[in-house]
Every structure is written in structure tokens, then in C-alpha cells.
């Protein structure tokens with residue numbers, strides 16, 4: 001049993017619906033000589049209801065149905081899993097989405113043969129490395145081939161052929177006195193540029209036409225003789241219709257009467273008269289309709305001599321009667337036959 005590696009199996013809550021996936025994972029781990037000594041749900045570890053021991057497991061396997069590119073794992077648990085692993089322990093089940101968090105928590109990412117994270121040994125990371133310092137070589141130091149290093153001499157002042165420069169003589173420069181009058185250059189004011197206007201020929205032609213039409217109208221009114229006598233309004237009225245009123249009132253087609261409608265603020269009593277007429281019409285419409293004996297015989301088929309009813313099918317039975325027929329439920333009978341309870345006692 002000691003040859004098996006101790007492992008921890010973390011399960012996503014969605015995997016609980018497929019227990020065969022858990023069994024297959026355990027079988028694959030057993031083939032690699034890994035035995036899961038503990039098995040927890042990831043949400044239990046996330047909410048703190050379960051705590052892990054430090055440096056207890058050699059392998060931690062996270063089982064989830066999510067794709068590698070869609071894995072959602074609490075980042076705070078990466079450090080918890082790192083503490084629970086032994087040095088050189090492996091974490092399986094996460095992807096490169098949390099690559100930065102893995103490097104921060106001391107994991108080394110392995111891509112081959114299987115993708116996993118390996119916890120690096122902290123003792124090796126904290127070891128100090130001594131770096132030997134090289135001694136300064138002298139001029140007599142020889143190279144590995146046996147030849148000496150090249151030497152360089154400092155150039156002397158006598159052997160240097162650098163160019164020489166002389167300071168300029170300020171005495172030869174022109175001196176400007178304050179008494180000398182300085183005349184600034186004169187400038188002439190530029191003349192305004194000429195502006196040339198380009199006019200379309202079509203616009204000029206239209207303007208000429210408008211001007212000619214206006215002038216022709218003015219000439220026409222000048223030629224009109226204003227001395228002519230104006231036409232009087234009375235001359236426009238015919239002699240036959242001069243004595244008759246031109247305004248007519250529309251008469252009713254039925255009553256042949258001419259009646260004016262009452263004004264909105266009527267004070268002559270016409271509005272009250274119209275209201276009375278309207279009330280009379282409404283009262284006639286509200287009267288209860290009463291049937292005479294002759295009218296009742298047309299709808300009551302039980303009277304002698306009346307062979308049919310209102311719909312003509314009441315005597316045939318319920319299958320032929322209307323929904324509001326008063327004889328619903330009674331057996332079929334002959335038209336004109338009196339109905340009593342003795343005749344239907346067998347059906348009751």
C-alpha cells in the first residue's frame with residue numbers, strides 16, 4: 001500500500017448527477033498508482049466548511065464537466081491547494097486560464113506528457129548560490145593561446161596633429177554709434193485687387209426677360225384710359241330679380257315647413273319648445289309594447305285551430321326546440337293538444 005500516492009479528489013457539484021464519471025476517474029488514477037484518500041465537493045471547500053491539512057497529498061485532481069476554456073474555479077483556493085500538496089506534488093484539472101495564479105503560488109506548469117501543475121520545492125528555491133568573482137588581470141597576463149594582450153600608448157602633445165583655432169579679432173568688426181541715424185526701409189501700400197464677377201448667361205437672360213415683362217405691364221396700365229365711367233352695383237342686378245330676396249331658406253322635405261333652429265343662448269322660448277318636442281318623441285318610444293289577442297294567437301300554438309307555433313318545431317321534442325323554449329323537458333305532443341301533468345306522469 002505504501003507504493004500508492006495519496007490523492008485528493010475535488011468534485012464539481014454538477015458531477016454528482018453522473019456517478020459513473022467519478023468511478024472512471026478513480027479507475028484511471030488507480031492505474032497510475034494513485035489512491036484518493038479524501039473526496040470533497042468544491043463548494044464545501046470554498047465556503048470554509050472543510051479545511052485541508054498542509055503537505056498531506058501528493059496529487060490533487062479536480063473533476064468538472066466544464067470545458068477547458070470555460071472552467072470557473074475560485075482563485076483563492078489555488079493557494080489552499082498549494083499548501084495541501086507535498087513538494088513536487090501535482091495538481092490536475094485546471095487550465096491555462098489560471099496560469100498567472102499558478103506561477104504566483106509556486107507551481108510549475110508541465111505540458112507533456114499530460115498537462116498538470118507541479119509544486120516546486122521551496123527549500124531549493126531559497127538556497128543561496130555563490131558567484132566567484134574574477135581577479136583583475138595585469139598587463140603581463142597571457143591569453144590561452146600564449147600571445148600577450150595588445151598595449152596602447154597615450155598620444156603626446158608633440159605627436160598630435162589636431163587642428164588649431166584662433167579667437168576672432170573684434171577690432172575689425174564695424175562699430176555702430178548711437179548718433180548715426182537709422183532709416184528703416186520704406187514699404188508701399190499694396191493696391192486693392194480688382195474683383196471680377198462671373199455671371200451665368202442663363203441668369204442674365206432670365207433677368208432681361210423679367211425686366212421686359214415688368215416694363216410691358218407698366219406700359220399697359222399707362223395706356224388704359226381712366227376717364228371711363230365705372231359700373232354701378234345696381235346695374236349688375238337684373239330687373240326681374242331686383243324686387244325679390246336672393247336669400248332663400250331650405251325647407252324640410254317631409255313637413256314642408258321652414259323652421260329656424262334655436263340659438264345657443266336663446267331667450268325667446270324656442271329652445272324650450274324644441275326640448276318639449278324631443279321629450280314627447282322619447283316618451284312615445286318608451287311605451288311598453290302590448291300584444292292583442294290576435295297577436296298572441298300567432299305565437300301560442302296551443303289554441304284550437306292554430307296548427308303551428310312561433311318556430312313551428314316546439315311540438316316535435318327537445319331536439320327541435322329553441323334554447324329559450326318554455327316547453328324544454330316536455331315530451332313531444334300534437335299541435336293544439338292541451339298539456340297537463342297526467343299526460344306526462346310517466347316521464348316525471
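Glycine too: its Cβ is placed from the backbone N, Cα and C atoms.
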Annotated stretch (region 'Fe-S binding site A', per Swiss-Prot) among the listed ranges 252-268, 269-285: 252-268
Range annotated as region 'Fe-S binding site B' - as stated in Swiss-Prot, picked from 296-310, 311-325: 311-325
Residue distribution over DSSP helix, strand and coil in the region 'Fe-S binding site B' (311-325): 6 helix, 0 strand, 9 coil
Most Cβ neighbours inside 10 Å, all chains, among the binding-site residues 268, 325: 325
All-chain count of other Cβ atoms within 10 Å of residue 314 ([4Fe-4S] cluster binding site): 23
Rounded Cα separation (Å) that holds between residue 314 ([4Fe-4S] cluster binding site) and residue 263 ([2Fe-2S] cluster binding site): 58
Spatial separation of residue 325 ([4Fe-4S] cluster binding site) from residue 268 ([2Fe-2S] cluster binding site) - C-alpha basis, Å: 56
